[in-house]
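**Student:** Pasting the feature list from TrEMBL:
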COMPBIAS  9-24  compositional bias 'Basic and acidic residues'
DOMAIN    340-384  domain 'PGG'
REGION    1-24  region 'Disordered'
REPEAT    21-54  repeat 'ANK'
REPEAT    56-79  repeat 'ANK'
REPEAT    91-123  repeat 'ANK'
REPEAT    125-157  repeat 'ANK'
REPEAT    159-191  repeat 'ANK'
REPEAT    193-226  repeat 'ANK'
REPEAT    227-249  repeat 'ANK'
TRANSMEM  345-367  transmembrane segment
Amino acid sequence: MVRQMSFGVDRRKTKDSPGKRGDSMLHLACRGGNLTKAIEILQNLGLDALSKQNQEGETPLYVAAENGHAHVVAQFLKHLDLQTASIAANNGYDPFHIAAKQGHLEVLRELLNTFPNLVMTTDSSNSTALHTAAAQGHIDVVNLLLDADSNLAKIARNNGKTVLHTAARMGHLEVAKAVLNKDPRIGFRIDKKGQTALHMAVKGQNLDMVVELIKPDPTVLSLEDNKGNTALHIATKKSRTKIVKCLLSFEDININAVNKAGETPLDIAETLKITEMIDILKQAGAAHSKDFGKPPSAAKQLKQTVSDIKHDVQSQIKQTRQTGFRVKKIAKKGKKTPHHGLNNAINSSTVVAVLIATVAFAAIFTVPGQYDEEPKDGFTSGKPI
C-alpha cells in the first residue's frame, strides 16, 4: 500500500503539510516534480495509481500539470487514455484546464500532442481552456490554443460570454487582439444580457481596449443591450469620462440614443449629477430625450415621483423634529410656553407628512390607461380612466 511507504521523513501531518489534502506518495512526488521517485512508486504500485485521487479530487497527472512539471506529464501520458487524462478535480478543472489557468505552456503542448481533442473540452460553465487562459492574460497560451483550433473563439460560456468578453472586461489587450485577428466579427457577439465585448470594455478604464474593439467595425457602437443601452450609456453610468470622450471621437456614435428607460446619455449624466460628464456631453451636442419628442418612460417617471415624495416627506419630518427640539429648549429655560398648542402643531405637521405620502402614492398607482372597473347596473363601462 502507498501509505506504508516511507522516504525517511516524518509522516505526521501538520496543518500546512501537503498531506492534509490526502496526497499519496505519488501525489507528493508529482507535486515536487520528482520523476525518478514517481517512476519508482509506479513500479511498486502499478499504473492504476495514476487514476487515484486525493481529497481534492486531484489525480497525479493533475498535480504535475498544475505545478508545471512537463517532464512528469509527458511520462504519465504514455500510460494514460483520454478518459483518465481528463479526470477533473473537485474545483471543476481537469489537468488541461488547470495548466491553462496557471499558464504552463509546455504542459499544454505535451497534453495536446497526445490528446488533441482536449482543446475543445469544457467545464460545468461551458468554459474552455481558452476562456481560462484569457481571464488570466496568458497570451502565449491563448495563441497556442487558437492555433490548435481557431473555432475555440466562437464558444460561449453558459452566460453567453465569449473569450473576447472576458478579455475586454479584464483589460487584457493582447488577448483581445489575438482573438480579433482570428475572427474580426466576434466583436458583435452578445451575451445573455445583450452586451457585446465593447459594453464590457467601457465599464473599465482601458482606452486602448475600447479603440481596438471599435476598429474592425465602428457600427458596433450602435449595438444595444437588453435594456437598450449602447456603450455610451454604459460608460456614462460608470462615470468613465475618458472613455466617453473616446467614444465621442468616432463619427458613428449616436450621442442621443434613447434606451428602454427613455434616457439619453445626457439624461443619465444629469440624473447621477456627474458635472464633468454633463459638460462633455453638452459640448458634443447631446440632448435630452424630451428635446426631440421622446418623453421619459413610465418607469422613469414613477421613479422620479417616488424620489420627489421621499424628499417632501423627509423635509416635513425634519421640520417637525426641529419644532419639537425648540419646544424642549424653551422649556429648559424655564419660560412659560403653551405646551398644549405646540404639541398640537407638532402632531398636525406629522399628520400632514403622512397625508402627503398617502395621497401621492395613491396618485402613482392610478396609472393612466387603466380601465373603469366600477360596476353600474351589473356591468362595467370598460372605458379608460
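Keep in mind that glycine also has a Cβ here, set from the backbone N, Cα and C atoms.
Automatic, uncurated: that is what TrEMBL annotation is.
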**Student:** Checking distant contacts: for the repeat 'ANK' (193-226), what same-chain residues at least six beyond its ends satisfy Cβ-Cβ under 8 A?
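**Tutor:** Contacts of the repeat 'ANK' (193-226) (Cβ under 8 Å, skipping residues fewer than 6 from its ends): 160-162, 164-165, 167-169, 171, 173, 176-177, 180, 184-187, 232, 234-235, 238, 240, 242-243, 246-247, 250-254, 257, 259.
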**Student:** How do the residues of the repeat 'ANK' (159-191) split into helix, strand and coil according to DSSP?
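**Tutor:** DSSP composition of the repeat 'ANK' (159-191): 23 helix, 0 strand, 10 coil.
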